[in-house]
């Protein structure tokens, strides 16, 4: 789909006169080139630049006016909401209809914000594409020059966070008829009869504002301090992750080892924040019956360095807390035990700052209700804090001091920073056993707005990206970072609409001018990140329309032996290769998969040279039980054969005693083989190795030994008689 066609289909009718005149600019570019026999002059360049300036002024002015209008409308509705709420305790309280009118007005404002964000995004894409086309066709490089003009009129950089928070508060009041739910945001966390599930998703920057607006219609933005006006800095979260030079914690978390820990120091807000949280995250496998846990305690910033060095003791950390007596003694003792363990690990493993993560978080949750909690982290950035290359970035401090929360941290070298291209959505559900999540949540996580990325970790991504020369294994999502996660929108019940009508004009997936219909079709069928574990069930292969006819894909060995058999020069060599092929088939498996005809596989995603992709593997408890049952079954065969041997040895004739030797040897061989196979399987399962667990030798070996034992016993008796 050409961008001009996409623009004409996606434009909002009310804003149609204010869009970039992309087709006119494209026509001007092509006509001037054709009139000058493909030559581009400085005069033509000046004229084209003036046309771009006119379009930029038009778009920027409209965005500025519309943005001011939205803020004015929000302010007016805020006054109406406050007035309506004050009347609740009067003699003439407002009716339900009054709140419904306010809710409709806010829904209309939400639609305006959505349309304005879409308008800005589409026009910015238009400018980028026409400049790219200009540079490609004329040979003049306009992009860096015009980028300065775009930055001077940044209609595409409007931040809607403050607006989203304000609208969320007002919408929550209107939706609850002036009685918004209040309570502890952490309530409900200790109830037991719940199924807790956490899933993570990537969100393309084009979809961030729309996603926020959709969520706030169902959950309010969680504001921790309602007594102060929201500021941009309030949403900032910074974490310093610790590890040693061997990256032991990184590899433990990457492999999801049982008991793998992550240690970090975290603070909320700007650099003036005095309270630092010392946190430890511990991974637990499902088979242990325990849940992964995060534990933390607070520490004053001035004591952090001494605590990490062991100079500031645990008793000193909690001396004031003990003296005040505001918390139960058992809780204080638990915190002291946690602090002691963290300090011990820090010193023993020689942990030091390695990676910093920074992001602005928007949290959505009903206060006092932990059933659905959603957080959206934007401007995610990872920064190096280590000294592994000989550069002491922290200067023996617990964090580097040359940056704060001034994203995008332009003062840093490119080798020290990784600006993550997507936002990270985290959905935490807590439902009754057997209960489905809310319908709107299911639609949201299944929509085109998000891309599932199971087990995504900021710490793992930061280390794998910034310390690429030190790591051998990388997370499964890293080779896919260049894959476009945008997908064509599908109709849902959660899309942003104006009250009283439906708006299905959205089609937010942008294609380059050179893109053709084949690419669009490929995107329609694309499963996104092909290594996502949950998605692999449904998207094992990217397939064309399938039929019932299956075709066979043979292994390399099978194909080799088939060629040898066909090209055999004499019957003896042919028979030889047939026998070898038979044993290869028996010991190495069929290695033949029946797949629908027309299926194709995506083989473009590969690990970088010298790296291995670590895919998280979940080992169910039943795997261990099945291994033990198999071991006990073989053990019972060994015991049975041993019992036969012992019986013949004890109660049989002298000839039978000699015949029992065969059964004894068979019993011993089965026992040794069983123990070896069991030990090998347990180790492979514990290490989550992708190996063949089938025992191809055992059954045949037992059968052969048993036959030989019977024949030997029969022969002994035959000779004796």
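Even glycines carry a Cβ here, placed using N, Cα and C.
Here Swiss-Prot gives region 'Disordered' for one range in the set 465-488, 489-512, 513-536: that range is 489-512.
Among the candidates 212, 217, 281, 309, the one that Swiss-Prot lists alongside 200, 264, 266, 294, 359, 361 as binding ATP is 281. Residue with Swiss-Prot feature ubiquitin cross-link, selected from 75, 129, 410, 611: 75. Between the listed ranges 126-133, 134-141, 142-149, 150-157, Swiss-Prot ties the annotation region 'Important for inositol polyphosphate binding' to 126-133. Spanning the residues 200, 264, 266, 281, 294, 359, 361 that the record associates with binding ATP, the maximal Cα-Cα distance equals 20 Å. If you check the recorded positions 22, 26, 458 against residue 200 (ATP binding site), none has a Cα inside 10 Å of its Cα.
Here the region 'Important for inositol polyphosphate binding' (126-133) has a mean pLDDT of 90 out of 100.
Listed as Cβ neighbours of the region 'Important for inositol polyphosphate binding' (126-133) (distance under 8 Å, sequence separation of 6 or more from its ends, same chain) are residues 3, 7, 19-20, 22, 25-26, 29, 52, 55-56, 142-143, 146, 150, 512-513. The list of residues near the transmembrane segment (652-672) in space but at least 6 beyond its ends in sequence, with Cβ under 8 angstroms from a Cβ of it, reads 634-635, 637-639, 641-642, 644-646, 701-702, 705-706, 708-710, 712-714, 716-717, 719-720. Closest by Cα distance to residue 22 (site 'Important for inositol polyphosphate binding'), from the binding-site residues 266, 294, 426, is 426.
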